[in-house]
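The structure appears below as structure tokens.
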């Protein structure tokens with residue numbers, strides 16, 4: 001009989017045999033649990049400073065038979081769940097690969113979708129719209145149709161992902177966008193253009209679907225970092241799309257034509273479809289719901305709804321605050337500069353500064369959130385951004401605004417990943433996609449309502465009122481999340 005005393009959760013043991021019997025010193029009865037000894041115990045739950053008696057007086061045949069059984073045995077985890085050891089190894093192997101494919105897919109998809117922005121009015125005119133006012137109107141309708149449709153269908157795709165798999169939703173989104181972009185290059189009237197732009201919103205959503213897949217496939221103690229890295233990739237795609245997309249979109253039509261440019265964008269998205277289909281591995285597919293779960297509403301499955309509702313509100317608040325300022329920045333920069341010929345350039349730098357700050361901070365803030373708590377990072381980010389909005393209302397030079405927008409980007413870079421992580425930690429796996437779909441819809445609501453409110457306030461009360469009003473909203477969001485954190489059962 002060999003007696004060992006352990007002091008931590010990890011139990012180093014250098015041995016070449018399989019342990020076939022374990023008993024606790026306070027329990028004389030042998031426990032019929034078999035472990036494969038591979039150099040360490042890492043999954044024995046809640047045994048701290050306990051004495052374990054290891055009886056290895058078994059013949060070799062018994063040990064070999066036990067080893068065969070152990071390779072298929074479920075091992076207990078500290079959270080009480082049971083998973084196959086082989087599945088855990090595969091899951092650990094593939095979640096990083098999934099993250100890379102989702103990041104690259106989101107990046108390329110966003111750039112491809114940005115190609116149409118510079119020449120969309122020209123394409124509308126080419127389709128037979130004559131008057132200047134009508135061209136502007138139809139261009140706005142065609143552009144906004146995608147976001148309107150996406151806001152309505154995001155919860156549906158989330159629930160279908162819960163039932164049939166999140167990888168399937170990414171395949172559907174990438175293939176749908178590739179087909180739609182290619183068909184846009186074949187339309188003959190403006191109504192067909194609007195209809196296909198609606199179809200892009202209905203069938204698309206690759207970036208938001210990537211967030212859901214990464215959130216559900218990544219180990220929970222790594223979700224903050226993984227979602228932060230993915231968010232940085234998405235922000236980089238948006239920034240590159242805003243810069244390189246219009247450049248390519250302006251250069252390609254004279255060379256290959258407007259229609260061929262859409263076909264090229266469809267081909268790029270089709271490459272994302274192929275990478276998603278053959279390289280993403282969804283190791284933990286959602287379990288099939290029971291008959292009772294099928295009839296249960298998605299909200300009834302959430303044990304503590306407070307944090308989830310807070311994240312939906314915070315998502316609306318974040319996009320509302322950002323988009324209420326973006327449309328007026330060019331006019332605000334115009335008021336700060338004497339040389340009006342550089343207004344467009346400086347306005348682009350101001351917008352890019354915030355995006356660059358978010359790219360640099362998102363993964364770091366995600367790592368910090370994994371250590372100290374995602375809600376605490378959200379509270380801090382909202383509070384810091386509220387403080388930074390006050391001096392933005394009183395700047396006297398454009399370079400001051402650039403610096404403050406960069407700092408604000410640093411503060412807000414981890415917000416969206418933290419919102420997703422809080423939802424992920426507070427809902428069961430079988431409804432995670434549906435709730436995250438509602439979160440995406442909430443963000444679209446803020447994205448649509450923000451410019452309208454910002455334009456109204458800026459037009460009636462001045463530009464400074466927009467910054468100060470947004471400051472109050474951010475401060476209110478920080479206080480609200482602090483109250484939810486205090487009252488919530490899950491911290």
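Positions of Cβ are set from backbone N, Cα and C atoms, glycine also.
What TrEMBL lists as region 'Disordered' is 64-86.
Under the heading compositional bias 'Polar residues', TrEMBL lists 72-86.
As annotated by TrEMBL, domain 'Major facilitator superfamily (MFS) profile' applies to 98-489.
The transmembrane segment annotation in TrEMBL covers 99-123 (among others).
Among the features that TrEMBL reports, transmembrane segment is placed at 135-157 (among others). The list of residues near the transmembrane segment (135-157) in space but at least 6 beyond its ends in sequence, with Cβ under 8 angstroms from a Cβ of it, reads 117, 120-121, 124-125, 129, 169, 172-173, 190, 193-194, 197-202, 204-205, 208-209, 433-434, 437-438, 440-441, 444-445, 447-448.
Residues of the same chain lying 6 or more positions beyond the ends of the transmembrane segment (169-188) and with a Cβ under 8 Å from any Cβ of it are 102, 105, 109, 112-113, 116, 127, 157, 160-161, 196-197, 199-200, 202-206, 209-210, 212-213, 258-263, 265-267, 269-270, 272-273, 276-277, 280, 433. According to TrEMBL, the feature transmembrane segment maps to 169-188 (among others).
Positions annotated as transmembrane segment by TrEMBL: 194-215 (among others).
TrEMBL lists 227-248 (among others) with the feature transmembrane segment.
Among the features that TrEMBL reports, transmembrane segment is placed at 260-280 (among others).
Tertiary neighbourhood of the transmembrane segment (308-333): same-chain residues 302, 343-344, 346-347, 350-351, 375, 378, 382, 385, 398, 401, 412, 415-416, 419, 422-423, 426-427, 435, 438-439, 442-447, 449-451, 453-455, 457-458, 463, 466-467, 469-470, 473-474, 477, 480-481, 484, selected by CB-CB distance under 8 Å and a gap of 6+ residues from either end. Per TrEMBL, the feature transmembrane segment maps to 308-333 (among others).
According to TrEMBL, the feature transmembrane segment maps to 345-365 (among others).
Per TrEMBL, the feature transmembrane segment maps to 377-395 (among others).
Taken from TrEMBL, the feature transmembrane segment applies to 401-423 (among others).
Sequence-distant contacts of the transmembrane segment (435-459), counting only residues of its own chain at least 6 positions beyond either end whose CB sits under 8 Å from a CB of the stretch, comprise 144, 147-148, 150-152, 154-159, 161, 205, 208, 211-212, 215, 298, 302, 308, 311-313, 315-328, 331, 416, 419-420, 423-424, 427, 465-466, 469. Feature annotation from TrEMBL assigns transmembrane segment to 435-459 (among others).
If you look at the transmembrane segment (465-485), the same-chain residues 6 or more away from its ends with a CB under 8 A from one of its CBs are 306-307, 310, 313-314, 317-318, 320-321, 324-325, 328, 375-376, 378-380, 382-383, 385-387, 389-390, 392-393, 454, 457-458, 491. According to TrEMBL, the feature transmembrane segment maps to 465-485 (among others).
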| note | Averaging the pLDDT values of the domain 'Major facilitator superfamily (MFS) profile' (98-489) gives 84
